[in-house]
Structures are given as C-alpha cells and as structure tokens.
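These features come from TrEMBL:
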- 763-872: domain 'ABC3 transporter permease C-terminal' (DOMAIN)
- 323-340: transmembrane segment (TRANSMEM)
- 360-386: transmembrane segment (TRANSMEM)
- 392-418: transmembrane segment (TRANSMEM)
- 439-459: transmembrane segment (TRANSMEM)
- 471-489: transmembrane segment (TRANSMEM)
- 524-544: transmembrane segment (TRANSMEM)
- 754-781: transmembrane segment (TRANSMEM)
- 802-832: transmembrane segment (TRANSMEM)
- 852-873: transmembrane segment (TRANSMEM)
C-alpha cells in the first residue's frame with residue numbers, strides 16, 4: 001500500500017485536496033444558511049425599533065370596582081418584578097424595562113388667563129429616579145409634594161415647552177371649574193425648568209413615552225391651531241393627586257425593550273409565541289401584586305415581512321447547497337476513478353494470486369480512509385482557521401462518500417473482470433441485465449423529479465419556522481439537471497453515429513479513427529457531472545442577476561425618483577430645487593389620503609394626488625416597473641372640458657371600483673365636482689397607499705378655493721440628492737435617497753446572504769465542473785495513448801492525438817452545455833416564481849426573471865479554457881515519449 005501511495009502521490013494529493021474543498025463547502029453551507037437567517041431576524045427586530053417592545057399595562061389611581069389598581073408610588077417595584085417573571089425566550093432577549101405613568105390630557109389656564117392664545121392642555125407624568133439622572137435643572141427646583149397636601153400640585157417642565165407655552169417658574173396652571181373633581185387639585189404650580197443632559201436622549205426608550213415634555217405639540221381643530229399640548233413631571237404623590245382629576249384608572253406602561261443581537265431565527269418565533277400567550281393571559285407577570293396586568297406588543301406586525309423573506313432565503317440557499325453537494329459527490333467519484341484506473345493492474349495481479357474480493361476491498365478501504373481523513377481534516381481545519389463553525393453531519397457525509405467512491409469502483413471493477421461472461425449468450429444476458437438496471441435507475445430519477453415538482457406546485461417551498469427545509473423540493477433543480485443528463489445520454493448515441501457516418505466519408509484514415517473513437521467514448525458520469533454543474537451554475541447566476549435587477553427596480557418603486565422629500569414644502573422651495581444644478585426633473589404632489597368620492601352606487605375611498613406638470617416629467621423618466629406608464633397623464637388632466645367638473649384620472653384599481661364618470665370629492669369641507677377622463681397604471685404604490693386619483697393641483701385649488709400644501713417632492717438627476725438635502729434642511733422635511741436605499745437593501749442580511757450564497761455556489765459548481773471535465777479528459781488519456789501508439793506504427797502523424805482528444809471531449813462538452821442550458825431554464829421557470837424574490841428584493845412584487853445568456857457565455861468560456869489547458873497538458877506529456885516506446889504497440893507508460 002505504501003508503494004502504491006508513493007507511486008501515485010500526486011494523484012492521491014489531488015484527491016485529498018478535492019475532498020478538502022468539498023468538505024469546506026459542504027460543512028460551511030449549513031452555517032451560512034443559519035447565519036443568514038439569524039442575522040435577518042436580528043435586522044428585522046432592529047428595524048422594528050420601539051414598535052417591537054413589549055408593553056405591560058399596570059392600572060393605577062382610582063378603581064372602578066372591577067379593575068384592580070396600584071398606587072403610582074409602587075409602579076417601579078411592579079416594573080422591577082416583571083422582567084424576572086418573563087417566559088424564557090422573552091427574558092433572554094429583553095434589554096431592560098422602563099415604567100411610565102402618564103395621565104390623559106387635562107385642560108388648564110396659565111396664570112388664570114382665558115385668552116385662546118394661552119389655552120394649553122397638560123399630561124402629568126411621574127419622575128422616577130432613573131429619569132432624574134438624565135436631566136439637569138436650568139431654573140428652580142424639583143417638585144416635592146407632601147402627603148395629604150391640599151394645595152397646588154408641584155410640577156416641572158422642559159425649558160423649550162415652557163418657553164412656547166409662556167410658562168416660567170412660579171406659573172400656576174389652573175384647572176377649569178368644570179374639570180375639577182371632588183378631592184382633586186384645582187391647580188398646578190411650576191417649581192422648575194429642566195433640560196436633558198444630552199438632547200439625543202429624547203429619542204431613547206427612557207423618554208419615548210414622554211415626547212411633549214421637551215417639545216410641545218400644536219393642538220389643531222378644523223385645521224386651526226387652538227393651543228399647545230405639553231407634558232409636566234411630578235413626584236409619586238403629585239401623580240396620585242393628579243390622577244384624582246381623572247374619573248377612571250390611569251394605565252402605567254412598563255416598556256420592555258429587546259436586544260436585537262440576542263435574537264436568532266428560532267428565538268424570534270419563540271418570542272412571538274410567548275407574546276401571543278401573554279396577550280391572552282398576563283397574570284404570571286403580576287407576582288405578589290394585585291394589579292390587573294395586561295400585555296401587548298406590535299412585534300408580530302413589525303416583523304411581518306420577515307417570515308416570507310426568510311422562507312425565500314432558506315429555499316434558495318437550500319437549492320444551491322443541494323446542487324453543490326450533488327455535483328461534489330459525482331466529481332469525487334470521477335476523481336476516485338483515476339485512482340482506480342491507476343491500480344487496475346495491481347488489483348488484477350492480486351486477484352490472479354488468489355486474493356478475495358473482501359481482501360481487495362479491505363486494502364482499498366484502508367487507503368481510501370487515510371486519504372479521506374486527511375482531506376476532511378484539512379477542510380475542517382480551514383473552517384476553524386477562518387472562525388466558521390462546521391456541521392458534523394456534513395463532515396460525516398463527505399467522509400463516507402470519500403471512502404466509498406474508490407472502494408465501490410475498485411470492487412465493481414475487480415468483480416467484473418473476474419466474472420467476465422464466456423460466449424455470446426452469456427454476454428447478451430449480462431448486457432440485458434445492465435440495460436434493465438439502467439432503466440430502473442433512470443425511471444427512479446424521473447419519478448423522484450416528478451414527485452418534487454408536484455410537491456412544489458402543491459405546497460411550495462415551506463415557510464421557515466426554525467425547522468428544517470424541505471429537502472425534496474430543494475433538490476428539484478438538481479433532479480431536473482439529472483433528468484436532462486439522462487435524456488442527453490439517450491440522444492447522444494444517434495447524434496454521434498450520424499456525425500461518425502459523415503466522418504467516415506472523409507479522405508484519409510483520420511476520419512475513420514475519429515468516428516470509431518467517438519462511438520466508443522460515451523462517459524456517463526462526466527456527462528452527468530458537467531450537465532448538472534452547468535445547469536445549476538447558469539441557474540444560480542441567473543437568479544443572482546434577477547435579484548440584482550429586482551433590487552434596482554425596487555429602489556425606483558420605494559423611492560419614486562432619484563430623491564424624494566416628504567413634508568410640508570413651499571412653492572419657493574420647489575422652484576429652488578427644480579433650478580438646482582444636476583436636477584433634470586422635479587415633480588410636486590399634495591396627497592389627500594382617505595378622501596371619499598361620492599357618486600354612482602356609493603362612496604369610494606381613495607388617495608387623491610394633486611400633482612403639477614413636473615410630476616409627469618418625473619414619471620416619464622422612470623422605468624416602467626417603478627410607476628407603470630404615465631402616458632398622457634398630465635395632458636388629459638389639463639384638457640379641461642365643457643362642464644365645470646375638474647378632470648381627474650384614476651389608477652386601474654380605483655377604476656374597477658367606480659361606477660360613474662362624474663363624482664364629487666371633498667377638500668376641507670368644500671365639495672368639488674370631478675370627471676374621470678381616463679385611467680393610468682401609474683401610482684406610487686411603493687411608498688404610498690392607494691388606490692390613487694390624480695388631479696391637477698392648480699385646477700383643484702381653484703375649484704375648491706383651498707391652498708393645497710405640497711407634501712411630496714420628487715427629484716431626478718445627478719444633483720437630486722444634493723437638492724433634496726437642501727430642501728429637506730430648509731423645510732424640516734425628510735429626504736429619501738434612491739442610491740442610499742439601494743445600498744442599504746443590498747447590504748441587508750437576507751438579500752446579501754442569498755446573493756453571497758449563490759455566488760459561492762456558482763463558483764464552487766464551476767470549479768467542480770471543470771475538475772470533472774479535466775478528470776474525464778485525463779481518464780481517457782491512457783486509452784488514447786495506446787490507440788495513438790498503434791496508429792503511429794501505421795504511419796499516422798503525431799498531430800492525430802489532438803483529433804482523438806477532440807472527438808472524446810468536444811461532444812461531451814457540447815452535450816453537457818446544451819443539457820445544462822435547457823435544464824437551467826426549466827428549473828428557473830419552475831422555482832423562481834415560488835422563491836419569494838419580491839420579499840428579498842424589497843419591491844412591490846416579484847421581479848422579472850433575468851436572461852440566462854450572460855451566465856451561459858461565462859460558463860462556455862470557462863469550459864473552453866479548462867478544456868484547452870487539459871488537452872495541451874496531455875499532449876505535452878505524450879510528446880515526451882520516444883519512438884521506441886511508440887513502436888511497442890501497447891501502453892507506453
């Protein structure tokens with residue numbers, strides 16, 4: 001055995017290296033899938049922000065005789081006891097709890113003023129010790145309310161809110177007589193003004209439930225400002241007294257935050273299940289408290305898009321992994337075949353000396369186990385060196401295949417030689433049995449492929465809920481490629497015979513030799529390996545291109561232009577943005593969501609978009625997938641009419657709901673007659689909620705007498721981001737950049753993980769396919785050398801060797817490429833619509849499937865390069881043979 005290993009050291013090292021490569025890919029794939037899904041869950045929770053928090057309501061203050069309440073002073077104690085009583089997954093994911101006690105609004109008058117300009121309403125919150133650490137007094141002192149006091153309740157307020165409301169230290173906030181309840185305070189007195197130590201803390205979880213403490217909010221009535229709303233802080237006793245003004249209990253809210261980094265896919269689903277259970281029954285959180293606690297959370301809604309995206313990612317990565325695994329196994333068998341061929345003569349000598357099949361198998365097993373152990377260990381060591389985790393099951397499977405591939409082929413070869421049939425009848429029987437076995441195997445592959453396809457159509461790719469993927473459906477692309485390779489094997493022989501017949505008619509012996517060699521060479525395993533590799537590589541590259549193009553389309557859909565500004569925008573700011581350098585188009589729209597349209601058979605609710613001509617200019621520059629077609633939109637809106645109705649256009653969804661052309665819409669209590677002049681497929685479905693009704697902004701303003709404020713500005717051109725940033729800065733609006741959105745989408749965990757997985761799998765498939773092609777070429781080298789030695793004794797030139805290589809490898813390459821291209825098209829058409837690509841790309845729907853042509857050209861180029869390198873290397877090796885060796889008419893090696 002040692003002599004064999006020394007003799008075939010280079011081949012053994014190559015086999016072990018291939019095993020190491022397959023081990024690395026196979027063991028790293030499950031970790032890649034799990035990491036992608038877990039990072040996607042973490043990203044979903046992080047994007048949800050405070051909307052994902054668990055909110056536990058604790059009733060305080062007055063009791064209605066049914067609801068059990070607690071005093072405000074013990075709310076912090078109740079909050080501290082909630083976290084330890086959370087279910088396991090919630091407790092492992094929580095990031096602390098913050099309690100907030102806040103009364104409903106209370107109307108007050110500042111220093112007895114009755115003017116509407118001095119009208120404010122306040123909410124009274126309780127200042128706890130942790131919150132007091134974040135603030136600094138700018139004037140006055142902290143409130144201090146003794147027990148059983150009957151005078152004004154002492155409070156403090158933020159400096160900015162106090163300035164806006166005309167409040168200062170010593171100001172008295174009087175409760176109107178009609179709002180006073182028996183036993184409650186009649187007024188509040190401001191004892192201090194405060195600011196946050198760090199202004200950025202205003203948006204943290206500690207202060208998120210007290211937003212108007214630092215920034216007052218304008219109270220509107222019929223579109224007019226009628227006063228201000230502010231929050232004041234007091235101590236627990238002051239909070240208790242303030243709650244006496246409310247004729248019902250006041251819910252304290254304990255906000256339990258989550259640490260996104262603690263989440264995994266499995267934990268996310270566990271947390272959602274525990275939240276659902278707590279929503280039904282929260283009594284376990286109360287502990288010794290008698291309070292009637294209830295819990296709620298919007299986490300399920302906040303991460304509602306994750307399950308579909310995760311399922312799509314899991315399906316795509318599973319198909320890629322199974323494809324690489326299948327090609328890797330076939331390539332290992334092909335490479336092992338080189339070792340077996342090198343040892344055919346040794347095995348024949350051993351059998352001639354009386355060695356049993358068991359002895360031959362045992363010797364091969366020991367050699368194979370040694371090589372497989374070295375290869376698997378090298379692959380696992382590389383994984384550890386890179387800091388990646390390895391899957392033990394994958395390591396075991398690769399080790400098993402690595403050992404079994406040489407052993408099985410050695411035993412089958414030795415058994416076939418020893419039991420060679422004698423006579424034509426015995427040979428015919430052996431051929432019949434071989435054909436029967438082949439038909440059974442082919443039928444089995446076809447049946448399994450059909451079953452996988454039926455499962456895909458009946459239940460689709462299963463949704464991931466922390467469980468294992470559907471391996472049968474995931475193997476569908478691999479099975480389709482295998483079926484294609486079987487079909488190619490059936491069709492190859494007639495095609496080769498036809499070409500061989502043409503070659504025999506050519507002049508000279510070269511055509512006859514080529515025809516004979518082509519008919520004799522029909523390697524099944526190399527053809528299967530190459531067909532599957534090409535099919536999966538082309539299909540994977542096509543899906544990568546589809547995702548990439550889909551993300552670009554989604555960026556147009558979600559942003560609507562190169563840049564979008566949302567907020568209250570003036571006409572001067574619009575004009576300035578339109579005139580900015582690098583801006584090629586600018587469109588403005590005033591959105592009126594939830595507008596009722598009266599007429600026909602009833603009322604229809606729509607979002608009215610009052611647009612200017614620049615809006616249509618922007619739409620005309622967008623891809624059709626972003627906003628549909630906007631042909632003649634503004635032209636028809638400006639066409640006017642013979643009646644007084646304002647012309648409008650409905651999107652296709654709204655048009656199906658409307659039963660009349662003449663309708664009425666209300667704009668701030670002004671009824672405006674409108675007339676439908678056409679339909680359009682345009683509409684900002686990616687960032688606004690339809691259905692949409694388009695109208696010219698100037699025409700609607702004139703008809704209603706209402707000045708419509710623009711709340712959306714779309715900008716196109718290289719200078720759109722800069723112009724949008726300037727507009728957002730001057731108007732206090734929000735800027736959304738398409739390039740920034742696209743960059744963020746492409747770096748998101750699930751899309752980037754899927755693309756990275758596909759790129760890796762395509763690279764691995766091409767490498768394995770090229771190895772299969774090289775091994776197939778090398779495996780036939782010994783027979784070609786023997787044939788060429790014979791031909792040279794008959795006077796054929798040395799260059800005939802190139803012809804022999806070509807007639808064996810070119811048909812193999814062409815057949816596998818054709819089969820791979822056809823299989824990739826079928827597989828992509830079958831699985832792409834069911835992979836949830838829209839959820840991964842972030843668009844409003846699934847993107848169109850990209851062309852397979854670029855991937856096909858790349859695969860052909862790679863195959864031709866490897867074929868040339870392999871052929872040249874073999875011919876250089878053959879040129880080193882001496883004429884005396886060639887004249888021996890046999891194997892010169």
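Along the chain as shown, residues are numbered 1 onward.
Using N, Cα and C of the backbone, Cβ positions are placed for all residues, glycine too.
The largest share of C-beta pairs under 8 angstroms with the transmembrane segment (524-544) comes from 754-781, of the ranges 360-386, 439-459, 471-489, 754-781, 852-873. By the Cβ criterion (distance under 8 Å, sequence gap of 6 or more), the transmembrane segment (392-418) is not counted as touching the transmembrane segment (471-489), fewer than 3 such pairs being found. Among the stretches 323-340, 439-459, 471-489, 852-873, the one making the largest number of Cβ pairs under 8 Å with the transmembrane segment (754-781) is 323-340. Beyond the ends of the transmembrane segment (471-489), by six or more residues, the same chain brings 315, 318-319, 321-323, 326, 442, 445-446, 448-449, 451-453, 455-456, 459-462, 522, 524, 527-528, 531-532, 535-536, 539, 815-816, 818-820, 822-824, 826-827, 830-831 to within a C-beta distance below 8 angstroms of the stretch.
Looking at the domain 'ABC3 transporter permease C-terminal' (763-872) alone, the prediction's average pLDDT is 77.
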